[in-house]
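K.L.:
Got these off TrEMBL a minute ago, pasting:
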type	residues	note
ACT_SITE	444	active site
ACT_SITE	446	active site
ACT_SITE	586	active site
ACT_SITE	588	active site
COMPBIAS	1-18	compositional bias 'Low complexity'
DOMAIN	322-454	domain 'ZU5'
DOMAIN	455-596	domain 'ZU5'
DOMAIN	788-873	domain 'Death'
REGION	1-27	region 'Disordered'
REGION	884-910	region 'Disordered'
């Protein structure tokens with residue numbers, strides 16, 4: 001390592017970067033100085049900028065405590081720059097020297113050039129945080145071991161094969177991360193880190209742990225996932241402060257019994273190991289995760305019987321995106337689907353081998369049954385054959401993102417059985433803070449989806465009578481007297497709250513208040529033999545001693561009626577200090593209102609709709625490098641800013657629309673106008689109108705390609721896209737007619753956003769459809785769908801500069817890639833077309849070619865094109881199936897489940 005660069009050598013090193021810019025170097029670098037932070041990792045030439053600052057020595061530089069610098073630099077320049085830090089940034093507390101900002105052709109993060117550190121960095125007396133991730137370190141630099149105040153050390157994604165013994169002498173270290181390295185052993189001195197609280201050693205090659213690790217008395221979190229551990233030292237039971245222990249994806253056959261006695265342990269992750277037995281205390285503990293272990297099975301080394309010795313371990317299947325079926329035998333199996341679904345078939349679930357098929361369907365109103373206050377959290381999973389009966393229930397795990405509002409709500413898996421939908425008993429398992437598994441036992445195969453609903457309480461009412469209480473609202477009760485029913489019947493209740501300020505704003509009345517909204521339903525006969533007593537809390541802020549009874553209204557609604565009925569005069573309201581009781585013989589919806597208004601039925605309908613409405617914004621953005629690619633999205637208002645920050649790196653466009661209100665599952669469509677049209681045959685497109693369905697917890701996003709019949713060589717085309725409520729009408733209105741509709745009292749129009757296609761220069765004139773002489777080509781087959789020459793031309797026109805990455809994922813050799821680049825060196829479109837069509841010609845007649853293309857597009861981060869290909873295939877399959885049904889060559893497919901939700905209860909009678 002060279003000595004520190006000083007005096008003239010420092011100026012020479014700085015001038016070597018760009019001598020012509022010395023005069024304004026400080027002004028160029030200062031925009032990256034913000035208070036006590038200096039960020040130089042996101043722009044090229046960070047080392048040169050820092051060296052210039054060191055030469056200029058501005059006063060602000062002496063105040064810098066946080067420095068970020070990319071290590072994708074010339075190694076000698078990087079070395080000279082780091083050598084200056086102790087003198088120029090003596091107050092530095094946090095130093096981030098990371099690689100990973102650049103990616104290779106396959107999208108993987110590249111490591112930085114850093115292989116060691118200057119010895120002088122140990123002079124950073126105040127340094128408490130050091131991040132050296134995504135570099136090429138093979139040994140830990142010696143200067144790090146002399147940083148006595150270091151509290152956090154991040155070494156992930158390097159090439160470390162061992163850690164030095166001296167690491168245990170860092171007295172202030174509280175966080176150590178060495179993930180994704182090549183560690184095979186750990187130094188015993190690691191146990192001397194008495195202040196260490198978080199230790200992450202996942203994704204290494206560890207097969208054993210030193211017993212001294214039990215000396216980490218302050219350790220709160222320990223992550224050893226994805227190593228080769230076969231056993232654990234008993235000293236782990238001495239980690240009395242441990243709260244989180246992650247050991248998944250190892251080779252563990254057992255764990256120390258003492259882990260069950262750790263007093264603060266709240267999560268123990270033992271998934272995907274070889275555990276066949278566990279201490280009873282761990283086996284029944286709710287914080288232990290054990291999926292993917294052969295628990296209860298006999299060890300292969302010591303079989304419990306000669307027959308058991310012949311039974312192989314349950315197979316594990318991991319399906320890729322191009323597979324839509326898998327076999328299940330009486331041995332059972334564990335299956336992970338590419339769409340984020342897991343299935344567990346226990347041994348003996350089926351008596352004979354069976355082939356399971358699956359599809360992940362986009363949600364649409366005809367397929368998704370939602371109650372008035374339900375929210376969809378997942379796509380629709382279809383498992384076939386439908387209705388097949390298993391001898392043991394099959395475990396099903398569906399991945400979803402949890403909703404923000406979870407108070408008094410629950411998540412369930414909804415499925416279709418025969419001709420009705422029902423909810424399965426569901427347990428939630430956390431994978432990450434924003435990713436949960438919904439786990440249920442599937443008694444049959446059909447359609448499955450994850451739904452958030454108000455907490456539902458249910459019971460079986462016997463002839464002797466019973467009491468049903470709400471778990472979320474203890475004041476809500478239903479009392480069934482003896483003799484209310486002759487046969488046991490099942491009843492359920494759901495309770496929904498409404499914020500008082502929303503009601504007061506709606507009514508313009510500061511003293512208005514409502515009770516929780518109660519929905520009651522039942523099975524069996526519509527009426528009870530004896531009146532049932534219902535108890536509701538009085539509206540918030542109202543007591544039975546002070547209320548004005550003339551302002552108290554009991555409202556009732558029986559679907560499919562439009563309005564709520566005021567039944568106060570038809571029932572006897574018994575009031576206590578906190579509650580109101582009344583009797584009914586039918587079940588439906590009930591609501592107590594306290595207001596000076598007289599006619600409250602219509603107001604109740606508006607308030608009920610307000611409970612179900614979501615405030616959303618609509619966006620329309622164009623890809624920066626391909627303005628013909630338009631992203632349309634409907635987002636809840638609270639998610640707009642975060643989504644735009646993520647998208648505006650690749651897209652540009654107008655500000656989002658004004659806020660509009662939409663119901664869960666509401667249909668709407670986008671219409672391109674003023675010379676802009678959709679440039680693809682899509683199954684969700686009707687005469688240039690793109691169909692949408694709004695689901696508040698799904699993405700509601702589509703990317704479409706647009707074109708124009710106007711002359712773009714003369715001038716840019718300034719069009720627009722408008723959003724309208726409802727389905728696309730049978731007679732699609734012209735733009736003038738649509739404009740008139742916007743002015744009506746009940747206008748369906750929601751927003752209009754501009755779309756601009758820039759003027760084409762003569763060199764950019766589209767040639768991909770003109771003058772082509774290509775052999776006719778159909779890629780695929782009739783049942784899975786064809787991609788024609790026209791479809792492939794459309795794909796080729798969308799790839800742009802991403803085509804080499806797609807080519808490599810398709811299996812095109814690098815040598816052929818270079819040959820195509822040379823042969824068509826002045827014609828990007830020619831390069832893309834030649835690559836794609838020459839590959840397609842080689843695949844002619846080969847099964848799975850279309851799936852390979854879709855997979856290559858996804859791996860190349862071109863999900864937009866992959867979805868377009870899927871849409872074309874789906875449309876082709878539909879036309880093929882319709883064709884063979886019309887000619888009588890095949891029976892009609894079973895219909896998809898209907899859109900009707902469970903039938904609402906009949907109207908109540910006082």
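Cβ coordinates are placed from backbone N, Cα and C, and glycine is handled just like the others.
I'm curious about the neighbourhood of these features; can you describe it?
P.N.:
Cβ contacts within 10 Å of residue 444 (active site), excluding its own Cβ and spanning all protein chains shown: 17.
Long-range Cβ proximity for residue 446 (active site), meaning a same-chain Cβ under 8 A and a gap of 6 or more residues, is found for 382, 383, 386, 387, 415, 416, 417.
The local packing around residue 588 (active site), expressed as other Cβ atoms within 10 Å of its Cβ over all shown chains, amounts to 20.
Mean pLDDT, taken over the domain 'ZU5' (322-454), works out to 85 on the 0 to 100 scale.
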K.L.:
Rounded to a whole number, how many Å is the Cα of residue 588 (active site) away from the Cα of residue 444 (active site)?
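P.N.:
Taking the Cα atoms only, residue 588 (active site) lies 31 Å from residue 444 (active site).
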K.L.:
Is it possible to get the count of other C-beta atoms within 10 angstroms of the C-beta of residue 586 (active site)?
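P.N.:
There are 18 of them.
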K.L.:
Give the residue counts of the domain 'ZU5' (455-596) per reduced DSSP state, in the order helix, strand, coil.
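P.N.:
Secondary-structure composition of the domain 'ZU5' (455-596): 14 helix, 58 strand, 70 coil.
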K.L.:
Roughly how many Å separate the Cα of residue 444 (active site) from that of residue 586 (active site), to the nearest whole number?
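P.N.:
The separation of the Cα atoms works out to 33 Å.
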